[in-house]
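Over in Swiss-Prot, the protein carries these features:
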{"type": "BINDING", "residues": "30-37, 149-152, 178, 186-189", "note": "ATP binding site"}
{"type": "ACT_SITE", "residues": "37", "note": "active site, proton donor"}
{"type": "BINDING", "residues": "61", "note": "beta-alanine binding site"}
{"type": "BINDING", "residues": "61, 155", "note": "(R)-pantoate binding site"}
């Protein structure tokens with residue numbers, strides 16, 4: 001497995017594979033890898049002959065300097081796991097390499113509409129940072145396929161729209177959320193949980209599933225369901241950040257005609273901000 005941080009070296013290797021007629025799959029990450037990331041790698045391997053993974057803690061998508069500074073960096077362990085998973089190349093650039101003129105002078109990419117909704121409204125600038133860094137990584141790696149987790153539902157929708165709008169010749173593969181046995185969605189941020197908080201954390205998924213069951217059972221008074229779910233989380237020790245039930249395609253408010261919904265959950269438990277989602281299909 002090659003580990004490189006120089007974009008020129010990366011491009012040389014990509015060009016070599018292209019001359020050999022190899023297909024390339026790409027998995028962008030911020031490191032601190034867990035089984036969810038390795039599942040993305042497995043999916044990537046099934047779609048192409050060569051797999052490239054990037055590890056880059058992207059400062060452009062953090063709205064708090066403290067969060068950026070505290071984000072776990074476990075490069076040695078990550079590379080060992082990726083090597084064992086059969087990855088062909090790991091790209092590990094620094095912020096100075098990715099943004100040589102600094103963030104203030106960096107050209108950015110922004111997807112209108114989706115960038116300002118929901119999570120984007122709570123974290124201004126976050127999705128601008130995501131779309132910019134993903135575009136730059138796509139330009140460097142030039143993959144045929146890129147794999148993203150469905151746990152970050154809005155991010156996946158944003159990447160799909162960006163790729164379509166910009167006519168990028170890349171297939172975007174959404175990979176189902178990987179969960180612990182108790183239902184908690186795997187996330188690098190789970191490492192912020194204390195032992196006691198980790199025991200409480202599955203309540204987020206349980207509450208989400210409760211909402212889905214109510215909707216599927218015929219209760220379509222969504223504001224009431226959101227209020228009850230928020231109270232349920234607060235009673236369990238969470239601090240609810242957002243619960244949204246929206247059209248799964250547009251991510252705009254669901255209407256009486258909406259039949260394809262997604263429940264989007266975000267709540268703090270201690271220092272950790274946990275997110276989850278579930279799609280609900282209603283019969284016509």
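Glycine residues also receive a Cβ, built from the backbone N, Cα and C atoms like all the rest.
Here the Cα atom of residue 33 (ATP binding site) is found 18 Å from that of residue 61 (beta-alanine binding site).
Cα of the residue listed as 'beta-alanine binding site' to Cα of residue 178 (ATP binding site): a distance of 23 Å. Recorded residues residue 30 (ATP binding site) and the residue listed as 'active site, proton donor' have their alpha carbons 10 Å apart, per Cα-Cα distance. The 10 Å shell around the Cβ of residue 37 (active site, proton donor) contains 26 further Cβ atoms across the protein chains shown. In this structure, the binding-site residues 61, 150 were compared by how many other Cβ atoms lie within 10 Å of their Cβ, and the smallest count belongs to 150. When Cβ neighbours within 10 Å are tallied across all protein chains shown, the highest count among the binding-site residues 30, 33, 178 belongs to 33.
The least crowded of the binding-site residues 155, 188, judged by other CB atoms within 10 A of its own CB, is 188.
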